[in-house]
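These features come from Swiss-Prot:
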CARBOHYD  66  N-linked glycosylation site
CARBOHYD  302  N-linked glycosylation site
CARBOHYD  328  N-linked glycosylation site
TOPO_DOM  1-8  topological domain 'Cytoplasmic'
TOPO_DOM  26-366  topological domain 'Lumenal'
TRANSMEM  9-25  transmembrane segment
């Protein structure tokens, strides 16, 4: 065996030092997750109107310097019982579910959902949170907390072992650091996914008869929002001009797209969306009592055009790809802006197209 030279010994020593440093770094890095998330970093300025309440970005969120995704705590290390009051429609309850899951993990608590939320979501998704029995719910000494719709510092340090949340949270600032886990929770059951893919597979471009190369889901929120937005919130819903601009944005960037339109106002869509190019398909059934068919279609598309509402948000969030949304859809003095922060509602990479507010100015005239 050849004797080791002085140079070989030095190289071996340096190698041991490097390996030791790497091992120490990994140990510290893992401990930081084991002992919880750091919330010392505020979201940097996005050059939007600064909200009166600071919005926190958790590590792993789009605007956080730490882009790694934290590991959820093992169930054995969790304690207490947290739940959330299920309120609103399909998209609202998805937001409540995701927020409960994220905040409970962040605070080291066990999360349970109430039976009505399970009844709304379990037929559609492979959700995993256990259901809280009604008799346990009635006997639990709850403290109640109503959430606003963005992540705040106080939500990261809630000491209550028995907490019932409420409100309509649907902001990525609560749960985007757990995005893969959230997407896993909202995985469609196979039969819904297969049915949606079958519908998309039958679509053809009108002029050529070719298969589309790109599927763009379009959700047009109508229904009660036609009255609620202008009368209560000084706001508008997406009109035909907005939808035309959004579609043109995709036509300019993607080859042979097809627009898969769903809405709770399909008749309006057929009358107001220009389908003369042969690339618009009115595929939704518009049944608000059974929204999962339209939702499944949207999530199986490559990209999304949304107007307003949580249904469109979740379709875009789960589909991935490019998202175009209706921006600045209320007057500046709208009370809606006290409970809704656009910078906390829409992911930074999503593309906003400003709404046409002229109908509101017409209403305001004497």
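We number each residue from 1, going along the chain as drawn.
Even glycines carry a Cβ here, placed using N, Cα and C.
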Whole-Å Cα distance, residue 328 (N-linked glycosylation site) to residue 302 (N-linked glycosylation site), is 25
Simplified to three states, DSSP reports residue 328 (N-linked glycosylation site) as coil
DSSP, reduced to three states, assigns residue 302 (N-linked glycosylation site) to coil
